[in-house]
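According to Swiss-Prot:
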type: BINDING; residues: Gly10, Ala11, Gly12, Lys13, Gly14, Thr15, Arg127, Ala178; note: ATP binding site
type: REGION; residues: 30-59; note: region 'NMP'
type: BINDING; residues: Thr31, Arg36, Gly57, Leu58, Val59, Gly85, Phe86, Pro87, Arg88, Gln92, Arg139, Arg150; note: AMP binding site
type: REGION; residues: 126-142; note: region 'LID'
Amino acid sequence: MRIILLGPPGAGKGTQSARIVEQFGIPQLSTGDMLRAAVAARTPVGLQAKSIMESGGLVPDEVVVGIVADRIDEADARKGFILDGFPRTVAQAKALDAMLAAKGLSLDAVIEFRVDEEALLGRIAKRAAETLARGEAVRKDDTPEVFKTRLDAYRSQTAPVSDYYAQTGLLRPIDGMAPIDDVSRAVEVLLRGLQPVSA
């Protein structure tokens, strides 16, 4: 089972990803973790990424796709994987599809957690107010202003990926505003429907 999780910051991708890992025994692949691991392992692609990152550049799509390609060849990913945080652009989505096709693989589903952005902003503002009321400092990335910037970036850069996968027939929208357990149940039903029935 090879799946991608999409959704804006605060949509619950991390929570749902952890539950999928637990229920289905497939690894969550984070591009950030994979980049760091490839650099630490001094793989050819990792060394290429390291020199780019050290010079302050953005790691090009082909390098990131190369790192994903290496990672999905590992034993724990043979039954499948969850990609979270990648692809972020349509170009990356197309590169991922081409890489998987070259390996004789394809994605099974792209789950998009749909949320009400105003409600998300309200949650963040409430959390910030509660943190301040406890006399604690609000993390810089947890303020409504920063969160709105992250939402805007998601909308402009990553939201088109949703349209791309809708055109391929892989997109499976789920209501990310429902209670966490309801979202988990919806994800589980969807994923169980993807599993082949044993004879």
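Using N, Cα and C of the backbone, Cβ positions are placed for all residues, glycine too.
Same-chain neighbours of the region 'NMP' (30-59): 66-68, 70-71, 83-86, counting only residues six or more beyond its ends whose CB sits under 8 Å from a CB of the stretch.
Our reading of the AMP binding annotation (Thr31, Arg36, Gly57, Leu58, Val59, Gly85, Phe86, Pro87, Arg88, Gln92, Arg139, Arg150) yields a largest Cα to Cα distance of 30 angstrom. With respect to their backbone Cα atoms, Arg127 (ATP binding site) and Thr31 (AMP binding site) stand 28 Å from each other.
Of all the binding-site residues given, namely Gly10, Gly12, Gly14, Gly57, the one with the smallest number of surrounding CB atoms inside 10 A is Gly57. Largest Cα-Cα distance over the residues recorded as binding ATP, namely Gly10, Ala11, Gly12, Lys13, Gly14, Thr15, Arg127, Ala178, equals 18 Å. A simple Cβ count within 10 Å picks out one of the binding-site residues Thr15, Thr31 as the most packed, and that one is Thr31. Regional average pLDDT for the region 'NMP' (30-59) in the model is 82. The DSSP secondary structure for Phe86 (AMP binding site) is coil.
The CA atom of Thr31 (AMP binding site) is located 14 Å away from the CA atom of Gly14 (ATP binding site).
Listed binding-site residues: Ala11, Val59, Ala178; maximum Cβ neighbour count within 10 Å falls on Ala11. Candidates Phe86, Arg88, Arg139 (binding-site residues) were compared with Lys13 (ATP binding site); none lies inside 10 Å Cα-Cα. Cβ-based neighbour count (10 Å, all protein chains) for Phe86 (AMP binding site) stands at 23.
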